[in-house]
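Colleague: TrEMBL feature annotations, pasted as is:
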type	residues	note
BINDING	B:N100, B:D133, B:S154, B:K155, B:G164, B:Q165, B:Q166, B:G167, B:I168, B:G169, B:I170, B:A171, B:K521	ATP binding site
COMPBIAS	B:39-51	compositional bias 'Low complexity'
DOMAIN	B:85-208	domain 'Histidine kinase/HSP90-like ATPase'
REGION	B:1-62	region 'Disordered'
2 protein chains.
Amino acid sequence: MTDDSATPGLFDALEAPIEASSVSTQKKTTKRGTKAAEPKAAAPKAAAAPAPRKRRSAEDMAATQREISVSEFFTKNRHLLGFDSPLKALLTTVKEAVDNSMDACEEAGILPEISVEISAAEEENRFRVCVEDNGPGIVREQVGKIFGKLLYGSKFHKLSQTRGQQGIGIAAAGMYGQLTTGKSVRVVSRPGKRAKATEFLLSIDTAKNKPEIHHEATVEWEHGHGTRVEIEMEAKYQKGLRSVDMYLKQTAIANPHLTLHFTDPGGEQVTYERNTKEMPPETVEIKPHPHGVELGRLIAMLKSTQSRSLSAFLQDEFSRVGAKVAKDIVTKAAAAKTGQTLTVKSYPSRIAREEATALHKAINETKISNPSTDCIAPIGEDLVLAGLKKEIEADFYAASTRPPAVYRGNPFQIEVGIAYGKPGGVGLEVTDEGRIRKKATSRDVVEDLVAGADEPIRVLRFANRVPLLHQQSACAVTKGVILTNWKSYGLTQPRGALPIGPMAVLIHIASVWVPFTSESKEAIASYPEILKEIRLALQDCGRKLGTYIRKGKRLKREFDKRNYIEKYIPHIGIALQEILDLTNVERDGTVETLEDVLHKSRKF
Amino acid sequence: MTDDSATPGLFDALEAPIEASSVSTQKKTTKRGTKAAEPKAAAPKAAAAPAPRKRRSAEDMAATQREISVSEFFTKNRHLLGFDSPLKALLTTVKEAVDNSMDACEEAGILPEISVEISAAEEENRFRVCVEDNGPGIVREQVGKIFGKLLYGSKFHKLSQTRGQQGIGIAAAGMYGQLTTGKSVRVVSRPGKRAKATEFLLSIDTAKNKPEIHHEATVEWEHGHGTRVEIEMEAKYQKGLRSVDMYLKQTAIANPHLTLHFTDPGGEQVTYERNTKEMPPETVEIKPHPHGVELGRLIAMLKSTQSRSLSAFLQDEFSRVGAKVAKDIVTKAAAAKTGQTLTVKSYPSRIAREEATALHKAINETKISNPSTDCIAPIGEDLVLAGLKKEIEADFYAASTRPPAVYRGNPFQIEVGIAYGKPGGVGLEVTDEGRIRKKATSRDVVEDLVAGADEPIRVLRFANRVPLLHQQSACAVTKGVILTNWKSYGLTQPRGALPIGPMAVLIHIASVWVPFTSESKEAIASYPEILKEIRLALQDCGRKLGTYIRKGKRLKREFDKRNYIEKYIPHIGIALQEILDLTNVERDGTVETLEDVLHKSRKF
């Protein structure tokens, strides 16, 4: 199959002594351009070849192959983590810090109060980001690793609903600061009143992916407990749809139990007060749900389990599996004609791959009840509505929370809220006396959240209560909205695009493991199960919206007709007065009667 | 700032002895649900609290914090690597294997001949992917790491144009196979005629990110040198726009020097013969370009350099810096009023951060010539056209290659090719005798590559000669096409969308480091420099297209008019014959004359 004719001198190269070639490798690293020249000199035979090439053998290549540190990898690929532009870097940093604070507070059962401060540094195009919380703090030994090592944390290995899950974010923010300013990260942490607060200055050794702590000292701190992180970085501050301001506003919507203070570079201060003292329902850590667990993972679990019997294994390592279900599974598996001998007593680690395959098949064919809801904490329809009403001016609101579902063994839950009606725009309502009148609206208008009447609707995406501001077009949530047929709910919708109208849709996915399309956690991967749930939730809200819109249109027609008639009633009155020679009182009486009749004749 | 009122009993928790809490941690891992129950029992004080919470202190959390193996991370996040669906997994696997083969062949100066075979495995929904090349092979010691370890390879640490760059792809494919079938990867490799071929069976220990070699043996192999990899995996095979077939076809377009054999699960065979024996121009590995190198990286380089003087450092570690430019930079840096003493003789590793900052500023303010082109190998306008013509039926072709540019210190180059005209559709042309006639087209029609007249145009995206089939909407290339104003070139274009028309656009980015939006390498990040170059290249082709379309429209009008007139000439002939009483010969002569006159009167 090889095409030697075209590669003269090839085999000399393949058999060439390793020294020779590794020499050339050294040259390369010391002098530029040498490499390009080499072949011409080194291989006269190559003259016949279409173009003189370097002749690198498997050995040459082996000499250059080595391990890549995860920090090196992400430094070179910082856009994967959301640090591709100075503007985005600022948002990502605030996001990662706030997410961690929220997680820590909730885990410790503390109502979160967080303050974010962004200030300009001396150097131009540089800002200092400070995020401070009233959380449980971090013990001395952990500070370095948490802020100075990628892929380190407590959230990755457990199945429970947290904002962070990768053990990358905040360390990456520090790494970006270091990369763009050369400065280290400052951390102050106090784990409880009896402990003293400690101050750290640290950076990452990217080649080793290890923290370097340059300075450590106990300091006075006014707060009883909490953590403060300060990062200076090359950044750009700007308001708008994808700004820090917007991220914080939406965070307030999705976290009504959070009090949030923000000071922008201009020194302007805004505070989002919590509107409930109730913490989100506590979620429990769960075992994986048997459905959708991959065969390879099952085999690994069989090897590593403590359980002494297959039945015990299934019940201990998975959620929603009791003795009966376990028995069903094993029976099914044994029934499969693979000439094997699986019983509920089989010793897990001795189960062969073929048997495991049958077991895996049996698991997915066995009916197993959905995961328990207590591992997920949706915001809840009431709070979704409250959040929307608090921040978004609209005429109509609806919300819908789906029951939990599963993808790849991970429980998740979708909830949707919609706000319809142009900001400051005027709806119509029917008064108690049956009159139609313009609805007055008092709340502040938030122009930036609800779209205009002729623009695509706004989509507010949340994952585990964290707003997602970037990569909307690549997100399963957006796909879900586009795939929904909004025409049947009274909105116009271009083919394959978002519907048009004065509307904002809030979509929240809560899960023990949110499948993001990249480490920057900006968009959600389109797993079919997730898409399906999103669409069902949207359809539910859509139906309510449809009813409202149709009613609105009817009201509008009525309203216009009545206005029209009412305009003429007085003239009719005058006409009658002249014809029947009525007194003014009689005339006005008649006019009133006519109007009453008119309103009584309403069709609804 | 803390909100104690809302968190009674909090501090008991924070000061709680570590044993107590770590006990609860143990409980958690052994019995399900316990955790949820605990607090109620454990903390009567909490009764007053809105909801009884678990009380986890900094110590509790510390107990659960640990390192995450990169393989564990990507197993859980397999969609990041392009393994989110069985359909995509198949494509990704073929892609990674073929990319590696191409890179290896080119590095060894071998004209690549690759065969891909996909066959159904015994188990349903499982396929076996085999990719074999005539490359240089892999030495024994490296096989394990290359196929059984993530983040390992030779391409990450150097700046040169290769298809692979992360050291993840093929190992991840093996990991996915292992995860979905429990089976290990089979590799056969022969590094040259004198060596024997060796067969390996291996898998990844995901907890350690280390290869496990289960079997190794020398085997007979008909090929003189090369590598063969076989992976069995849960997958789905299907033709269409994002299929393996399409990937291979487009690979053939972008790699005219490649001979590619493909056998699909149906046993159907197709071969793409190379249409040139000329290898792509050889690219040299380069040093980073000084512009866009981040301060942090500069500082690191200053620390680790061998050079004894600042001037030598700048010349040795960067491309395009000679003694003069180095001097300019240092002078600028010293001039900056930071009270420092930088000279060309300064000892690199002794340069303080403030000085480095000034140096960094000076570098970016100094004019430095663009990177040399020899580090990038574009396909070239001729071969782009050849490739398009070979595979795509159209009436008009144009291509444009931009000069190289730089982002973040990485050179890159954009080239664009367009094919316009409905597949099998008919264009118009002017004959030598000046007649307009319908253009006949003989080549096979490739319906699936050129869009229909009323659909959005097709965008064929390539990065370092690798076709990108997924995440089109998230890709800088697509953004570039959308941001281009196609109306001015005679196409219709909805606002913020792809233009409409029977057209395919090929866009290729060649770079020493392509910034992908995720490890699955499906879309390119929108660095402003890249977007700009894409638009410039598109505009160049667009202008040519505009001329063609306008001419086409003119021709069409002419053509219709002439058809109309020609229809009547014979009748005029007959009329004249009757009036002037001509013979048939005279009449036909007259008709001919009239037609000649008509054609001579053409305006172009």
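Using N, Cα and C of the backbone, Cβ positions are placed for all residues, glycine too.
Keep in mind that TrEMBL annotations are predicted by a computer and have not been checked by a curator.
So that I understand the layout, could you describe where these features sit and how close they are to other parts?
Modeller: In the three-state DSSP classification, B:G164 (ATP binding site) falls within coil.
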Colleague: Applying an 8 Å Cβ threshold (strictly under) against chain A, tell me which of the binding-site residues B:N100, B:G164, B:I170, B:K521 fall inside, in sequence order.
Modeller: none
Colleague: Across the record's ATP-binding residues B:N100, B:D133, B:S154, B:K155, B:G164, B:Q165, B:Q166, B:G167, B:I168, B:G169, B:I170, B:A171, B:K521, the largest CA-CA distance in angstrom?
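Modeller: Max span of the ATP binding residues, Cα based, is 22 Å.
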Colleague: Starting from each candidate's C-beta and looking 10 angstroms out, tell me which of the binding-site residues B:N100, B:S154, B:Q166 has the most other C-beta atoms.
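Modeller: The residue with the most neighbouring Cβ atoms within 10 Å is B:N100.
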Colleague: When you measure from the Cβ of B:G164 (ATP binding site), how many other Cβ atoms are you left with inside 10 Å?
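Modeller: B:G164 (ATP binding site) is surrounded by 21 other Cβ atoms within 10 Å.
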